[in-house]
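Input: a single structure, listed below in structure tokens.
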Amino acid sequence: MNDLLSQRRERRLLVLLGIVCLGLVGGALYLQYAKGEDPCPLCIIQRYFFIFVAIFAFAGAAFDGWRGIAFFETLIAIIAAAGIGTAARHLYIQLHPGFSCGFDALQPVVDGLPPAHWLPSVFKVAGLCETVYPPIFGILLPGWALIAFGLTFVPVVASLWGRRARRRRLKAI
């Protein structure tokens, strides 16, 4: 596949990734307002991570060269790895009841961030991390976030790694 077609495919995949991440945030807002499932600090942090992945994906898709795409894919991989850690921690808290003392130490930090003042209906903490809501298809919400971040991290890193290997092969020729 020539380089131009490969870049076009990569940019389309980045746009798709951005749309999916915004859809996941939209799903979280649906659960918050339609189902009454209040977001906890870790939920809000995961929203931030999904939004950052979407922003970086759209920014990467706007670049014509591999350098810009690779830069934003690296940022996406870092944010997705942080999202994996946050979702795993959230899942651990929900699977080990009684872990929290009733007050979440992250709440003042998350509520103190500027977006919580600009859009409090989206970024303000209203629940506790240990509150378990009904699972969707047998998987808790942090489990779905963990899956989504994993499905973001693995292909992006594979793309970066594959492109790096192709460059090395071309230099060796």
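Cβ coordinates come from backbone N, Cα and C, glycine included.
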### Query
Do the topological domains in TrEMBL put Leu13 and Gly68 on a single side of the membrane?
yes
### Query
Taking a Cβ cut-off under 8 Å, which residues six or more beyond the ends of the transmembrane segment (70-88) line up next to it in the same chain?
14, 17, 42, 45-46, 49-50, 52-53, 56-57, 59-60, 63, 142-143, 145-146, 148-150, 152-153, 156-157, 159-160, 163
### Distal contacts, the transmembrane segment (45-63) - CB-CB under 8 A, six or more residues away
11-12, 14-15, 17-19, 21-22, 24-25, 28, 39, 69, 71-73, 75-76, 79-80, 82-83, 86-87, 90, 106, 110, 113, 115, 122-123, 142, 145, 148-149, 152
### For the topological domain 'Cytoplasmic' (1-13), residues assigned helix / strand / coil by DSSP
11 helix, 0 strand, 2 coil
### Query
Taking DSSP states H, G and I as helix and E and B as strand, how many residues of the topological domain 'Periplasmic' (89-143) are helix, strand and coil?
25 helix, 2 strand, 28 coil
